[in-house]
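Feature list (source: Swiss-Prot):
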- 2: N-myristoyl glycine (LIPID)
- 3: S-palmitoyl cysteine (LIPID)
- 40-472: domain 'G-alpha' (DOMAIN)
- 55, 300: Mg(2+) binding site (BINDING)
- 162-199: region 'Disordered' (REGION)
- 292-300: region 'G2 motif' (REGION)
- 384-391: region 'G4 motif' (REGION)
């Protein structure tokens, strides 16, 4: 009897049908476990137009739930901020001339010291004073050229999709096909830009003849990364440049006048912070603080994932680049989203896009939010709208009327609360679904305020997720 039982057992084990069933059971069990893990994972999508403050929100999440920033990140930001500080002051000098603003530093007789500071600054090439590999390697260099070379303005437009709704279509196909009209428009734009840029370059070369022997516009990037890395000469030291920037920022009235009109051209949003703290950034061995990193900006390219745990809940935050050329990648992370965090820069109602200076940033954000909110991809997905940079908004509305850019605004000039309610109403009115939209007012660089806001938001999202999976 024992042999018979043994033979039967061996026969069962070798039965192909039984083997397939057991294999299927293992696969099914694995899928169920994975499905359960997916249910427990809260997947957030962080979206918004370029320079809205998305990445700063993510930095705050890292500070709260990931233990902050690595030593390498702190060194990287120190390099990037130093380069941006030099270029930002150069931009103010050059833009002042384009805007017809008289600079004290242009007068070598009555303002000899400031004139000398200007010469020091415009002779300095920012890339000579940083370690490009620490700053981010080729990604940093490419972004640097696109940001600071006026010759690349046309290239930024070409890389742009040209319209907010061209990020993706409802069938899931990435919209990257240009019509004949698009091509004709680009050709005309390139010709117009070429004429205008050539004219500007000639004028700038004339202006810069007193700055160096070549008469080159120092804002234009003329070196390849290989040439930069191979260059050993250091005619100026960091302290010289820092002192020049500090003197120009504190003592040249024209620089401050130009800065007050920075909505008319592209300038780093934290330029004033860089200038106010320029001496510490001048140290080649400086290690950035949390505040420095929150103020600094490194362009988001592609899609980054950040994971952290809050209690028993696992969060995954997807941060996608906000500029138009990056949006075609968004569709790859639309599936399985628990909530969308949309970041809106309130203070940029009077500014133009970096990638297309013919388009108002707030108008772009409105169109983008409308497209995402009513997309089939997010039919039942709750949205959390961050009205960001409200500190800058509250200051700006005192001198820059909202009605100048939004004629239907009826609130009092300088009334920040009325302005916030006006824009909040615009965004909420776009909702053509029954999904909830939660609005939070934020200053993403204020750690204490963001700690409170993000704690409230994560608690809300956890509750929403528990409802979704049927636990409550």
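Note: Cβ is positioned from N, Cα and C throughout, glycine not excepted.
Remember, predicted model here, so these are calculated numbers, not experimental data.
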Legend entry - Within the region 'G4 motif' (384-391), residues counted as helix, strand or coil by DSSP: 2 helix, 5 strand, 1 coil
Inset, instruction - Translate the DSSP assignment of residue 55 (Mg(2+) binding site) into the three-state scheme. - result: helix
Legend entry - For the region 'G2 motif' (292-300), the number of residues DSSP places in helix, strand and coil: 4 helix, 0 strand, 5 coil
Inset, instruction - Give the number of CB atoms, excluding that of residue 55 (Mg(2+) binding site) itself, located within 10 Å of its CB. - result: 23
